[in-house]
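Student: Here it is, the structure, as structure tokens.
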């Protein structure tokens, strides 16, 4: 009988300890892109947008090859949370920013947790 009580107490104590053990949290900002670079664009448009067609044509971009959205007037975001670095528009991850900030291709909106 004594062994049963001791066994039950040990089981209960271990269960309580396991439930109270702190776990590591990852509170770092999600400021990394899985692919491409983090950008701040003045607008984000569909690749087949009529208002964007002329600009894409001037830059020689074939609309059918674009996946994702197109960011217009983009600048890189570096050092998220650093004083002076801000993005008043939707931050995006873009896979092709080879157009000197005029446009960025393959953009997906992201959430930056500060």
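From the backbone N, Cα and C atoms, a Cβ is placed for every residue, glycine too.
Keep in mind that this is a model prediction, so the values were computed, not measured.
Take a look at what Swiss-Prot says about it:
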DISULFID  33-93  disulfide bond
DISULFID  40-87  disulfide bond
DISULFID  41-74  disulfide bond
DISULFID  94-107  disulfide bond
SIGNAL    1-20  signal peptide
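Help me understand the surroundings of these features in the structure.
Tutor: Reduced to three states, the DSSP call for residue 93 (disulfide bond) is strand.
In sequence order, 39, 40, 41, 42, 92, 94, 97, 101, 102, 103, 104 constitute the residues six or more apart from residue 74 (disulfide bond) in its chain with CB-CB distances below 8 Å.
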Student: Rounded to the nearest Å, what's the C-alpha distance separating residue 93 (disulfide bond) and residue 107 (disulfide bond)? Just drop the number here, would you?
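Tutor: About 5 Å separate the Cα atoms of these two residues.
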Student: Within 10 Å of the Cβ of residue 33 (disulfide bond), how many other Cβ atoms can you find? Include all protein chains, please.
Tutor: 17
Student: I want to verify one value. Collapsing DSSP to three states, which class is residue 33 (disulfide bond)?
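Tutor: The residue in question, residue 33 (disulfide bond), is coil (DSSP, three-state).
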Student: Are there any residues in the same chain, six or more apart in sequence, whose C-beta is under 8 angstroms from the C-beta of residue 107 (disulfide bond), and if so which?
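Tutor: Set apart from residue 107 (disulfide bond) by at least 6 residues yet with Cβ under 8 Å, we have 36, 39, 41, 44, 68, 69, 70, 71, 92, 93, 94, 95.
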Student: Rank the disulfide-bonded residues 40, 41, 87, 93, 94 by how many other Cβ atoms lie within 10 Å of each Cβ and give me the one with the fewest.
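Tutor: Output over disulfide-bonded residues 40, 41, 87, 93, 94: least Cβ neighbours within 10 Å is 87.
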